[in-house]
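A.B. asks: I have a structure here, written as structure tokens, and I will follow up with some questions on it.
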Amino acid sequence: MGKQKQQTISRFFAPKPKSPTHEPNPVAESSTPPPKISATVSFSPSKRKLLSDHLAAASPKKPKLSPHTQNPVPDPNLHQRFLQRFLEPSPEEYVPETSSSRKYTPLEQQVVELKSKYPDVVLMVEVGYRYRFFGEDAEIAARVLGIYAHMDHNFMTASVPTFRLNFHVRRLVNAGYKIGVVKQTETAAIKSHGANRTGPFFRGLSALYTKATLEAAEDISGGCGGEEGFGSQSNFLVCVVDERVKSETLGCGIEMSFDVRVGVVGVEISTGEVVYEEFNDNFMRSGLEAVILSLSPAELLLGQPLSQQTEKFLVAHAGPTSNVRVERASLDCFSNGNAVDEVISLCEKISAGNLEDDKEMKLEAAEKGMSCLTVHTIMNMPHLTVQALALTFCHLKQFGFERILYQGASFRSLSSNTEMTLSANTLQQLEVVKNNSDGSESGSLFHNMNHTLTVYGSRLLRHWVTHPLCDRNLISARLDAVSEISACMGSHSSSQLSSELVEEGSERAIVSPEFYLVLSSVLTAMSRSSDIQRGITRIFHRTAKATEFIAVMEAILLAGKQIQRLGIKQDSEMRSMQSATVRSTLLRKLISVISSPVVVDNAGKLLSALNKEAAVRGDLLDILITSSDQFPELAEARQAVLVIREKLDSSIASFRKKLAIRNLEFLQVSGITHLIELPVDSKVPMNWVKVNSTKKTIRYHPPEIVAGLDELALATEHLAIVNRASWDSFLKSFSRYYTDFKAAVQALAALDCLHSLSTLSRNKNYVRPEFVDDCEPVEINIQSGRHPVLETILQDNFVPNDTILHAEGEYCQIITGPNMGGKSCYIRQVALISIMAQVGSFVPASFAKLHVLDGVFTRMGASDSIQHGRSTFLEELSEASHIIRTCSSRSLVILDELGRGTSTHDGVAIAYATLQHLLAEKRCLVLFVTHYPEIAEISNGFPGSVGTYHVSYLTLQKDKGSYDHDDVTYLYKLVRGLCSRSFGFKVAQLAQIPPSCIRRAISMAAKLEAEVRARERNTRMGEPEGHEEPRGAEESISALGDLFADLKFALSEEDPWKAFEFLKHAWKIAGKIRLKPTCSF
């Protein structure tokens, strides 16, 4: 048939000609079968033959329509009739069409059924070479992806090409939606030979994606770019449940303490990390806030019903700025109402499924026991934690990831006795992981300490920084490892490292056996590999591709073989430590885990079952290496395909004989194989199928070839199904090695963290901290300490300070001084150095001797929390209340300007009472910054335990007697003594407050200070407040002194307003002295 000429633009948009006047027969219309939906993606020779026969029997080319027929004359009254009908609707009442009365196409019917099963999922339905959205999903896709949505039959629809699936899934997931991918579950070849050959393709939900499950799902990173990924950040799914508890009451009838008990389970599905905790929490939910801030979840699962305050806090945390996804689950979903029974039942099902599919694993489990979640472990968990665990099980079951919770070795409690949990306030106010300017990592303590080379090392270091150690032996072990690596660095440079690495086949060999060279080469090689921690978890979930599997196993094998050259074994005795390459106990333990023969041998064994060349060229059907005892069904399917292909290839001989062409060969064009190409004038049998042609040749498929290709396509599809089942079985067998591989990757991450801390200690003038025994008094002794973050900015211009706090001596410092003098920087510096030391890092000081702290608590800055319904002062006192309840005698407490959010009298009283409680009841180490001089009087009640300090400065008076017009030079050095001036007007000038406002403020300050001075003098003399009349000679002399001082200030003052205030006050004093003639001078 000839190709019809494309219409012009004007003809394309012209109204169509009217249909014939006769009405169609309704009976005939109903009897016609539904339209056939063709969404085939593979070649079907039999279908091509049927199409060819149909075209051959078709009528010849139809004559062209006349121009008048194709482009009718426009009706001038058409627009007028449209407006009349639009503005004057029919008086008949409009009855909307119900869903039951609609006539759906077969594809739409499938979509309706799928949407009824998954109402909360945005579905991407595979239709041919595109993924289509329907209804509301199409509108969401149009808004998020920026694509066009239009009406098609009964639904709005939009689509994206199949090769861009990965990119668009990530964008939709990142926008907070749950995405379901619906794929065709049959191919054209299988469909053409099945009972459904005339119906639509069968489709089913093949994958679900959310923010917490995306990285653990099938590899969809292709084509998305780095900016769309989630990088090295954790993607925790956190489930929260709570229940009411009876609040404690104070004697005055005010409720206090805790009102709920909270259970939390957090799962990092992409790494297999599972954390849990149960604790009492107060009305402000400060404990829950600390957990949420520490885990930084990507998704929250709320167990309903939740208390109103918990729900309010979590919803506010997952606001638009945080981009955290929220999903709710009812606790009524348990079949028998018992969460414990539900978890045990799920674990038994998973265990039975694992062991049933793998006989070797069953024997191994019987011999030594699997590392899994046992009934004993579940029964020992707190009640609410089990509820949260059951909800998490049920939630992950829809994604197929519930098996990760079965790995009991991954579980750890957040309230470990060996780790310190920093509160949400401490993490935020000390800028431990994020800065307070833009919320990024730049400028934080973690960013300053992070010199890791791998993403999983960076994740582990983040955990170390937010959870410092509380065990002196563990801290010393880390410091020993850091010291040894730092000493080994010596004069080695990165250029020497690269020259000492040579290639030996597919492996890297190390010329020098020195430990640092081995460690650096391994970490450098791992930095160039993929995220193997998430890789082994995807393998465990059976979502990894063959290329990723090979890359992960090769990385683990490379690391293990290189570190094996150090000759360190797990059962080595201490007697060989003197001659050993590595002496640190922690380093030897980590090295032995990575280079374990079990890990290396299993990695090699798994790689030997795969065809790397086939994986590189993308031949998925030839990836698995078959043998007599391995994948027998796959071997049979491959053999069947090979036999059919050989039969087809051998049939060329018969065609040579039939056509009398000796050199006839099959031709392959555009992926179509076994073509017979003949000249245009050649005569061929009538049943030969014409496939394509050129000017001089025509290419055919004889009936034998058509039948053979059909048989080959069917055998190939069967091979693909068997291959997928064999690959899934191969991945399932990985479960028995998962624990060993996970431990090896975790050890690699720990080595990377220790190497990072060693780099930090060498790049800057850091010192190893010393820790006193636990039985000794708590102390902090830092000489020439420096702020670890500000020092990187100021370099040599930073001014160091000493800090000495001792439980049996001075354990509280009250710090005063001018604004912008460095008070907050100093107290932050002490806290950050303490945290760094307990992380196991060297610290920025010339000497550091500390006691292991069980907590670092801070109350700094002024901020409200409107979304949580908290004012600035409530937020301030809530943080102080949390500190008072939580701290102990082994804690470091930092309070910065407590009480400034209310009136002066209330603020001073609250600050004084809080500090007195900490000193008398808790006896913890305290750094207290204040602008209230009255607070310093507390040192009288605690002689020798409280010291007053201020940040030093120099002043230069412009004019003698001037008030607050001094030039101030900040020295940033902490010295003993109380500072009574804050130089607030200097800060006002720096902030560019209008000069008129500053002058007026100075005038008011002078007046207020004069009144306060008079009030204090009257108080000393025993006069009632407000009575300023001098009595007796001494009072008159004092009044004259004030008179002359005011006159002196007025004469030297440049500002007329200020001078006037001094003169006015002097006039009042003179008037009072004049009215007392009995006074003798």
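Glycine is no exception: its Cβ is also placed from the backbone N, Cα and C atoms.
Taken from Swiss-Prot, the feature ATP binding site covers G817, P818, N819, M820, G821, G822, K823, S824, and the record attributes it to sequence analysis. The feature compositional bias 'Polar residues' is assigned by Swiss-Prot to 1-10. Annotation source Swiss-Prot lists region 'Disordered' at 1-77.
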A.B. asks: Cβ-Cβ under 8 Å from K823 (ATP binding site), same chain, 6 or more residues apart: which ones?
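C.D. replies: Listed in sequence order, they are I815, T816, G817, D896, V929, V951.
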A.B. asks: Other Cβ atoms within 10 Å is the metric here; tell me which of the binding-site residues G817, P818, G821, G822 scores highest.
C.D. replies: G817
A.B. asks: Taking the centroid of the Cβ atoms of G817, P818, N819, M820, G821, G822, K823, S824 (ATP site), which other same-chain residues have Cβ within 8 Å of it?
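C.D. replies: Residues close to the ATP site, other than G817, P818, N819, M820, G821, G822, K823, S824: V951, Y970.
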A.B. asks: Under a criterion of Cβ-Cβ distance under 8 Å and sequence separation of at least 6, what residues of the same chain contact N819 (ATP binding site)?
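C.D. replies: Residues satisfying the criterion: S982, F983, G984, K986, V987.
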A.B. asks: Can you check what DSSP calls S824 (ATP binding site), collapsed to helix, strand or coil?
C.D. replies: helix
A.B. asks: Relative to the Cβ of S824 (ATP binding site), which residues of the same chain, six or more apart in sequence, are found under 8 Å away?
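C.D. replies: Expected: M860, D896, V929.
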A.B. asks: Name the residues of the same chain, 6+ apart in sequence, whose Cβ is under 8 Å from the Cβ of M820 (ATP binding site)?
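C.D. replies: The list for M820 (ATP binding site) reads Y970, K986, V987, L990, given in order along the sequence.
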